[in-house]
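A quick write-up on the structure given underneath.
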Amino acid sequence: MIQERKASIVRVRRYQRSLDNNVSSFVLNLLIPLIFWIQRICPSIKKKRSNTAIHITIGSSRQIRPTKNNLRKKSITTNKSPEHFVSVTNINRQHHSRLQLNGNIIGSDSSTKRSSLRTNDTANTSHHSKHSRTTHYENAATGYSTSIKDRSDQKGMTQDYHRKSKRNKKTKRSRRCIIMSLLITVLLILIIGIILLVLLIKPKQVIIPTNMPVLRWNSTGVTVAGISGNASSGSNYLNRPFDVTWDYANNLYIADRYNNRIQKYLFDTTNITTVAGDGTLGPSSYQLHYPSRVIFDSNGNLLVTDSANHRIQLWPSGGISGTTIAGVTYSPGNSSTQLNTPYGIVLNPISGALYISDSMNHRVVSYASGANSSTLLLGGNGAGASNIQLNNPVGLHFDSFTNSLIIANFGGNNIVQYVLGANNWTLLAGDINGISGMTSTTFSAPTQAVFDPMGNMYVADRNNHRVQFFYKGQLNGTTIAGVTSTSGNSATTLNTPWSLKLDNQLNLYVADTLNHRIQKFSRY
């Protein structure tokens with residue numbers, strides 16, 4: 001079983017890893033096309049290549065300051081237009097240069113100009129190189145002087161446009177790139193945030209410790225006592241059984257409530273005998289009136305909750321009558337010597353104290369070994385939902401590991417834990433405010449809670465007609481017997497279960513009260 005559990009945990013972890021990989025792949029598949037899209041709408045600016053072009057600026061006679069990018073500047077005075085001078089500048093360009101004024105192209109493409117300028121320059125170089133270079137620029141400037149002069153502004157200043165249209169285009173593109181990048185970044189943050197939020201609020205799977213074996217039960221029960229659906233006083237019949245337990249020899253004992261007797265089923269036989277009560281209700285020492293719980297002490301004596309007689313009876317092994325050890329026969333009350341419709345009883349194996357759920361007094365009391373009066377442990381202050389009150393407590397279980405009582409708070413629709421010596425209880429399962437329900441976390445009139453050696457809890461959820469299983473420390477239960485809110489007498493259904501027990505193999509026995517039978521659900 002442990003190997004099966006480990007294998008299931010490995011499958012859970014592999015599933016979680018595959019889920020994480022799928023999420024990562026989804027995010028990457030989302031990011032990659034967006035990154036390419038950003039690169040497409042925002043192409044990187046290519047590195048400028050240093051090409052030399054000639055830029056000629058003709059202005060008025062006042063001095064023109066050199067631009068930042070000027071590499072060489074020469075001033076020439078023309079013969080035809082003494083009022084103007086020509087500024088010739090070598091400027092780095094990416095591909096070609098143009099002669100511009102106020103943003104208007106006044107020359108042809110750069111190849112034609114360079115060809116013309118080279119011809120003139122070559123013709124004049126043989127005589128006087130320095131003067132011919134000046135003449136060359138002068139001729140070039142003179143050729144365009146008329147159109148430039150017409151287009152000059154009133155102050156005689158010319159403006160230098162370095163590919164203004166292309167810079168404007170790049171500026172527009174850069175702005176669009178920034179806006180689109182911001183929008184895409186916000187979109188990505190929103191998408192990633194939603195994914196993370198979904199992963200974080202995803203219901204977490206309950207991972208059971210690896211040393212905890214898988215516990216499963218056959219959902220089809222087998223009747224081990226009584227006749228399903230038939231109430232009778234015959235020896236092999238039961239009439240609303242309320243409790244079931246075993247002795248050291250695995251003989252089965254049943255509180256046959258409406259037959260006012262305790263029945264013994266010898267282990268692995270059909271031999272059935274009555275060990276307490278005579279089948280008639282009454283207050284006598286040999287009679288019982290609606291017995292509801294049965295347990296054994298360390299000496300093998302039988303202790304019976306005689307509910308309608310408001311007392312606890314001790315029946316010695318082989319005895320024909322009982323002795324009252326708690327309560328006053330047929331005298332309900334709330335004093336320290338009285339009980340009012342008691343149900344659950346349990347012994348402290350160390351101190352020998354007897355704990356009783358005094359249901360109609362909404363309290364749990366303790367009788368020390370041999371004492372005639374009780375000590376109040378919890379409740380007794382009226383029915384309520386606060387953690388210092390109880391509401392018709394029924395089932396009791398003593399946990400020696402935590403020195404505490406586990407109480408089936410019938411009217412409070414929950415299972416609570418009371419540590420001996422404390423002033424209040426803590427919730428183990430069910431609704432803390434006492435609200436009934438049929439979900440995996442709620443009950444409707446629970447009547448018994450028992451535990452296995454691993455600390456897992458089993459609850460008889462009476463009005464939901466089911467048995468709920470809770471792994472240790474968990475609030476979310478699983479139905480292991482019966483069908484929620486569906487009563488029936490088939491092998492898979494229950495009808496108002498009042499009690500349950502586990503044997504040493506963790507097979508489950510249920511007192512299926514209104515079906516007048518004891519059902520066994522085998523663990524596998």
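Glycine residues also receive a Cβ, built from the backbone N, Cα and C atoms like all the rest.
Annotated features, as they stand in TrEMBL:
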type	residues	note
COMPBIAS	100-124	compositional bias 'Polar residues'
REGION	100-172	region 'Disordered'
COMPBIAS	163-172	compositional bias 'Basic residues'
TRANSMEM	177-201	transmembrane segment
REPEAT	279-318	repeat 'NHL'
REPEAT	481-524	repeat 'NHL'
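Nonlocal intrachain contacts for the repeat 'NHL' (481-524), taken as residues 6+ away from its ends with a CB within less than 8 angstroms of a stretch CB, comprise 215-231, 237-246, 250, 252, 254-255, 257, 292-293, 395, 438, 447-448, 450, 452, 458, 460-467. Counting residue by residue with DSSP, the repeat 'NHL' (481-524) contains 3 helix, 23 strand, 18 coil. Applying DSSP to the repeat 'NHL' (279-318) sorts its residues as follows: 3 helix, 18 strand, 19 coil.
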